[in-house]
Amino acid sequence: MTETTPKTAPWTVQKRTAVLVLADGTVIEGKGLGATGAVEAEVVFNTALTGYEEILTDPSYAGQIVTFTFPHIGNVGANAEDIEDLTPANRHGAVGAIFKADITAPSNFRAAKDLDSWLKHRGIIALAGIDTRALTALIRERGAQNAVIAHDPNGNFDLDALKARAANWCGLENLDLAKDVTIGQSLVWKELPWTLQDGYGEQDAPQYHVVALDFGVKRNILRLLTGLGAKVTVLPATATAEDVLAHNPDGVFLSNGPGDPAATGEYAVPTIGKLVETGIPLFGICLGHQMLALALGGRTEKMHQGHHGANHPVKDYTTGKVEIVSMNHGFAVDSDSLPENVEETHVSLFDGTNCGLRVVGKPVFSVQHHPEASPGPQDSHYLFRRFINLIRERKGQAPLPEREQAA
């Protein structure tokens, strides 16, 4: 009987070419992928099983390193269709990624390149071959971590310098990143939702006009609005209420985005407060939800570890139904701080944090989660129809069914 030598697991690292250095001095070694260099950021974990390209290009992840809890990332490669940031040339999104297993060759008919090459093109530093379950447990116990991720193919690292960078990084609190990821000038969005038969079509006969304030908007949000008949004009985060009203919109959308919502107080929050008073239908998502709460007199707070994934249960108090939704936020609205004329409409069934609000007597509402998914379940797509119905009501038109009827 011949003894066989145990095979080395494919994710076992032979030589360190990347490190993650936490602010407390902890050093985690692994294999480097993607771009080279070093960058400070906050380390979070995401529990989604699919959609890594959409996750990494979501501008809400600016200033963050995403740890994927699912072990096999990159199996379906990458393409130009699944990105979410509005201006790909500016590469807004996560600055780092952490994987359990090494990236394998892609196997998917839509793959245009392998994930490693795509990460390099996007400027994303990646670390593979580590115990992501242990890192996730650390984040759950200690909270989201300030850190430096570094990649050098030769494995040369000045750990003392990296530890100092991690310890001295300011973190996301009081950090305004919306100005960094917003568009430079206005644009009209016409792309429709993707279908297998036609890919992305182009809108030709809009029925309504929605102005979207871009604090880091995702493409699929804009597609769902155009898919419901809205012409969408996208304005920069710094647009004033007068800028918005000059477009004579039927509705206003407040987008998702990165950073601390309170840090936008000098420009976006006052603008939102003025727009609420106009009576124009208004819908906010994620950062837009948080800034709306601030404009209404509420408060926001930094969360321990945040919510990042595509499997979060949320209850809609307006219907009594429970939805499974996508989430990506590290700040939350303090529901106890909301004034009497603001109702809490949605709540997380994981930890009871606020996930939605509406203003009594006004066509104004928002949610913390991501109803557009991309990636994730489509349980909350009805919220876009709810927004369009507020526009239709103001025009004297009959409402659309909030949920598509089964054939």
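Backbone N, Cα and C define each Cβ position, glycine as well.
Sequence annotations record features per position, and here Swiss-Prot assigns region 'CPSase' to 1-205 based on sequence analysis. What Swiss-Prot records for S60, G257, G259, L287, Q290, N328, G330, F331 is L-glutamine binding site. The domain 'Glutamine amidotransferase type-1' annotation in Swiss-Prot covers 209-397 and is backed by sequence analysis. The feature active site, nucleophile is assigned by Swiss-Prot to C286. Taken from Swiss-Prot, the feature active site applies to H370, E372, supported by sequence analysis.
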PLDDT averaged over every residue in the region 'CPSase' (1-205): 93
Recorded positions near C286 (active site, nucleophile), in sequence order, restricted to S60, G259, E372 and a 10 Å Cα cut-off: S60
C-beta crowding around Q290 (L-glutamine binding site), within 10 angstroms: 31
Whole-number Å value for how far H370 (active site) lies from G257 (L-glutamine binding site) (Cα to Cα): 11
Cβ contacts of G259 (L-glutamine binding site) (under 8 Å, same chain, 6 or more positions away): A62, G63, L172, L175, D176, L177, A178, L287
Neighbour tally for L287 (L-glutamine binding site), based on other Cβ positions within 10 Å of its Cβ: 31
Cβ-Cβ neighbours of the residue listed as 'active site, nucleophile' (radius 10 Å): 31
Alpha-carbon distance [H370 (active site); F331 (L-glutamine binding site)] in Å: 14
Minimum Cα separation from E372 (active site), reported as the residue among binding-site residues S60, Q290, G330 that achieves it: S60
DSSP three-state assignment (helix, strand or coil) for L287 (L-glutamine binding site): helix
